[in-house]
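Written out below as structure tokens is the structure these notes cover.
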Amino acid sequence: MKLTRLRTTVVLTAAVSLGLAGCAQSDRESTSSGTTGSGSSGTAAAEGGSDTFTFGAAGAPEVFDPYYASDGETFRITRQIFQGLLGIKPGTADAQPELAESWEPSDDGLTWTFKLRQGVKFTDGEAFNAAAVCYNFERMFEQNEVAQAGPAEYWAYTMLGFKGGETESLYKSCEAKDDATAVITLNRYTSDFPVMLTLESFSMQSPKALKDGDANNVQKEGEGFKYPAYASAPVGTGPYKLEKYDEANKTITLVRNDDFWGEKAKTANIVFKIIPDESTRRQELEAGSINAYDLPNPADWKGLEDAGNQVLVRPAFNILYMGLNPEKNAKLQDVRVRKALYMALNRDQLVATQLPEGAKVATQFMPDTVAGYNTGLEATKYDVEGAKALLKEAGAEGMTLQFAYPSEVSRPYMPDPQKIWDALSADLEAIGVKVEAVTKPWNGGYLDGVDNGLFDAWLLGWTGDYNSANNFIGTFFGADSNDFHTWSTDFGKTLSKELDETNGIVDEGERTTAYEALNQKIMEDYLPGLPISHSPPALVVGKGVEGLTASPLTAEMFDTVTVSKS
Amino acid sequence: MLRFIVRRLLQMVGVLFVLSLLLFIWLRMLPGGTVSAILGDRATPESRERLTKALGLDEPLYVQYWRYLKRALTGNFGASTGVVPGRDAFQIFIDRFPATIELSFFAILIAILLGIPLGYLAARRRASLFDNASVIVSLIGVAVPVFFLAFLLKYFFAVKLGWLPVSGRQSNIDATRVTNFFVLDGLMTREWDAAWDAFKHLILPAITLSTIPFAVIFRITRASVLEVLDEDFVRTAESKGLTNRIIRGRHVLRNALLPVITTVGLQVGGLLAGAILTESVFSFPGIGEALASAFSHRDYAVLQVLIMASAATFVIVNLIVDVLYAVVDPRVRTR
């Protein structure tokens, strides 16, 4: 009896297994020509290297249409697929010709003539020309209400308005003079143009694919957005094209664009493996299953290098600051109090002990690679006695300061917020300031708290979008409403006006001098917040990886990368 | 039996409705929110206001809930804003569910295959070295934090020895997807390498996830067997001269298994809580990892779908356990 039952079980199991095996069709036979192995005859593979470069990404991409994206993880991928009129010179934050070979402004800076590269094709075979450029700009300008409110974030931020919108856009029109000449006209001059065109969001996309994929049809779906078919099937002119996004396995595969107009990519495939946990990314690198990952913890840099990996340090293109809200804490209305707090901060020690190697003490609200940086400004000296005296003079001895820092986050300019806060608050307490600690999760009330003016002082920072002074100080203090609450001070309106005027100077040399003077004024007269430091973020590549140049804008290109077989 | 099942299913609908309301309110009471998570540190008061309005988050909560309920009843749970932006939230559940089921299945299989025999043997050899050692191992299973165990396992078996992959669900190989149960898909399509690769990716996370259920099942089995061994009917069976094999198999183990089945049921329901951490540290794209990501992105649509679906799964698993209980123990059926 028992034997019979056992036998029945075994037979049933075997029958089910046999029935399962082969009961579905494998796709391999039918699609093998288009899969990741297809590029194995590539340059690197032919020379004995690996045909795949695998990158450990920290998060999933938003959408593959860069126009609707705003995060680094998406741009890292789309940058390999798309190109803009202007590109970024490797290793710097400077603009260089990409799909436009040159550009020339009119005397008033309102009309820009772009001479386009000829013989370029999108990966769907469509020609890149002036008509394509104008189609792209008109497409970006004409967005529905839903897209205007959220997804078209970078256009809203840089061009300010959309077609038919309440706010006038900087963009006016685009005209295709001939195949090789596109003329873009602005409503107002801004120093951000044309350098803003280095942003991934302004990449050139195939007009045919945009039309066929109904690219502008972003819809609201519940409390999120639903993107059209195009957003998952992007078509650009870059060295790679999207092969597949395997959402169930969290990998994105790109294959080489064999018809690329420039030098072909050295490695046939790029795989982005999404690994949110930083220590797991490190273990994957150590196991050799990924070739590189971004933002290694600065505490791991040495260990990673000792293990034979290369830590590629990016030039710092960011700023960490301590924000102050004079509206919330009336004592901060007095510039002497703000200066006293600044003098109390031992930033040399902070940079030496809490920030990664290569970090610098900030002397103003922008890094030294930006035109308009004032080289004559010196860092405010650490002076405890001077700070105490100034605080006394202002009648703010023993003042209370509610000072906030975020938890559950690490930013390139602020690798460990709590340690930085610990050091700075100890400095403030040393001059008699009573520091009240406030901490909230980054997305769990911290950013909201800063925006809603809930804290007296807080830690935050900024990584530049492109190389422009206005992208730093214009963003911080330019608008009528800003995090620093400058509108509540006696200098706020003047500063905002000065920023607008400087941003409107067409002559580059004159504008740079004006920004230098304004930086001095901000630091010596206004001091709306306290710039702390610039930290160089890094990325790490494993053994056998060559040809990767670190970018201050995290705009690394992977077409030059080779991976030797280990 | 049928009436019992129907009644329980109706109760489930009520539970899910109340849960959806509580969840909806709770998520919106949390500090921060979707708007902050989408805009990040580039947010300006204007962009924040524009987006809040566009997403309808400025309207009264009851209006938002009513709209959500109407949509949900038509099967539209909204689009993700953080986990896979733009993707239908329910589709994310469908994509991720097989991963968690596959992982949980292997984890509970390990726990049962090790926990029941070891628990039985430990009870039979009470106070022996084997018994004491097993109890200590099970205690360690409960006490060691999941992330630490995961780190150690990954370090030795993946990084140092290179036997198993560090994280993920499958290598980037050309694999056909049929059911999204990767091992099963590999077997069904005869892509043996894909099945083997997916299986290798399951080993370390399944071991990690199985530690707590193993410890609990082991201890319950041990205690239950000890209790049954002292029962009169065992003594009667022995005095009747039945063989040890029959006494153990038919009388002791069968009776001792009743509380173990209940425990297994509860552990299956509780596996999801363990899966959140395990999947996160192994970057294993299942429900748990999506939940953690959705929470940090304040992805309301995905959080709502995943929590509701998990609750429904929990209730259904409990129902199955109750039915199984009735099948195993005839006394329950007659009650």
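Even glycines carry a Cβ here, placed using N, Cα and C.
Here is what TrEMBL says about this protein:
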- B:97-325: domain 'ABC transmembrane type-1' (DOMAIN)
- B:103-123: transmembrane segment (TRANSMEM)
- B:135-157: transmembrane segment (TRANSMEM)
- B:198-218: transmembrane segment (TRANSMEM)
- B:256-277: transmembrane segment (TRANSMEM)
- B:301-328: transmembrane segment (TRANSMEM)
Between the transmembrane segment (B:301-328) and the transmembrane segment (B:198-218), are there three or more CB pairs that fall under 8 A, provided the residues in each pair are separated by 6 or more in sequence? no
Could you give the residue numbers and ranges of same-chain residues that sit at least 6 residues beyond the transmembrane segment (B:103-123) on either side and whose C-beta is under 8 angstroms from one of its C-beta atoms? 130-131, 134-135, 202-203, 205-207, 209-210, 213-226, 229, 253, 256-257, 260, 264, 267-268, 271-272, 274-275, 278-279, 284, 286
Distal contacts, the transmembrane segment (B:301-328) - CB-CB under 8 A, six or more residues away: 1, 4-5, 8-9, 12, 15-16, 19-20, 23-24, 27, 68, 77-83, 89-90, 92-93, 97, 254, 257-258, 261-262, 264-266, 268-269, 272, 287, 290-291, 294-295
Residue numbers, six or more beyond the limits of the transmembrane segment (B:135-157), whose CB comes under 8 Å of its CB atoms: 122, 163-164, 166-167, 204-205, 207-209, 211-212, 214-216, 218-219, 222, 274, 277-278, 281-282
